[in-house]
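Asks: What follows is a structure written as structure tokens; I'll ask about it next.
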Amino acid sequence: VHLTDAEKALVTGLWGKVKPDELGGEALGRLLGVYPWTQRFFDSFGDLSSASALMSNAKVKAHGKKVLDSFSEGLKHLDNLKGTFASLSELHCDKLHVDPENFKLLGNMLVLVMAHHLGKDFTPAAQAAYQKVVAGVATALAHKYH
């Protein structure tokens, strides 16, 4: 993904304010609620029947944190997202058979949740930079798909 130096500074600066254990679960919970067909990949997660069930589900929170921990690793390698996410791309493609469109949806949920939590710090310029990043991550995760 191509970011200017100013965009990289915005992305890394704001990421320091993100709490992956909170935002990850919320972003994944929103994805599962707004796009219920994505729940089929999480059969073992228990009750996903309502917004309150999703937001209080320990497995959703734990997996959301795991997702954001991986995203955080990607932020350290913005110039090599495909390499950084190659093994996750292979896993999601070959073993889990996740529709790659879901990566875009989750990225958009992450941007929305960040805007909600960061408030005024999440400026239009920050949003534009993060939209580039989540699009780049989604492309990298979809790379192994045929």
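Glycine is treated like the rest: Cβ placed from N, Cα and C.
Given the structure is predicted, the values throughout are model-derived calculations rather than measurements.
Below are the features I grabbed from Swiss-Prot:
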type: BINDING; residues: His63, His92; note: heme b binding site
type: DOMAIN; residues: 2-146; note: domain 'Globin'
type: MOD_RES; residues: Val1; note: N-acetylvaline
type: MOD_RES; residues: Thr12; note: phosphothreonine
type: MOD_RES; residues: Ser44; note: phosphoserine
type: MOD_RES; residues: Lys59; note: N6-acetyllysine
type: MOD_RES; residues: Lys82; note: N6-acetyllysine
type: MOD_RES; residues: Cys93; note: S-nitrosocysteine
type: MOD_RES; residues: Lys144; note: N6-acetyllysine
Asks: Taking the Cβ of Lys82 (N6-acetyllysine) as the centre, how many other Cβ atoms fall within a 10 Å radius?
Replies: 17
Asks: Would you find the one among the modified residues Lys59, Lys144 whose Cβ has the most company, meaning other Cβ atoms within 10 Å?
Replies: Lys144
Asks: Could you check what DSSP calls Cys93 (S-nitrosocysteine) once collapsed to helix, strand or coil?
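Replies: Reduced to three states, the DSSP call for Cys93 (S-nitrosocysteine) is helix.
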Asks: Using DSSP, break the domain 'Globin' (2-146) down into helix, strand and coil residues and give each count.
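Replies: Split into helix, strand and coil, the domain 'Globin' (2-146) gives 116 helix, 0 strand, 29 coil.
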Asks: Using a Cβ cut-off under 8 Å and a sequence separation of 6 or more, which residues in the same chain sit near Ser44 (phosphoserine)?
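Replies: Looking at Cβ-Cβ distances below 8 Å from Ser44 (phosphoserine), excluding near sequence neighbours, one finds Lys59.
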Asks: If one measures from the C-alpha of His63 (heme b binding site) to the C-alpha of Lys82 (N6-acetyllysine), what distance in angstrom results, rounded to a whole number?
Replies: 21
Asks: Between the modified residues Val1, Thr12, Lys144, which lies closest to the residue listed as 'S-nitrosocysteine', Cα to Cα?
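Replies: Its closest listed neighbour, by Cα, is Lys144.
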Asks: Taking only the Cα atoms, work out how far the residue listed as 'N-acetylvaline' lies from Lys82 (N6-acetyllysine), in Å, as a whole number.
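Replies: Cα-Cα distance, the residue listed as 'N-acetylvaline' to Lys82 (N6-acetyllysine): 10 Å.
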Asks: If I take every residue in the domain 'Globin' (2-146) and average their pLDDT values, what number comes out?
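Replies: Averaged over the domain 'Globin' (2-146), the predicted model reaches a pLDDT of 92.
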Asks: If you count Cβ atoms within 10 Å of the Cβ of the residue listed as 'N-acetylvaline', leaving out that atom itself, what do you get?
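Replies: The residue listed as 'N-acetylvaline': 20 neighbouring Cβ atoms within 10 Å.
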Asks: Could you say which of the recorded positions Thr12, His63 has its Cβ with the most other Cβ atoms inside 10 Å?
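Replies: Neighbour-count leader: His63.
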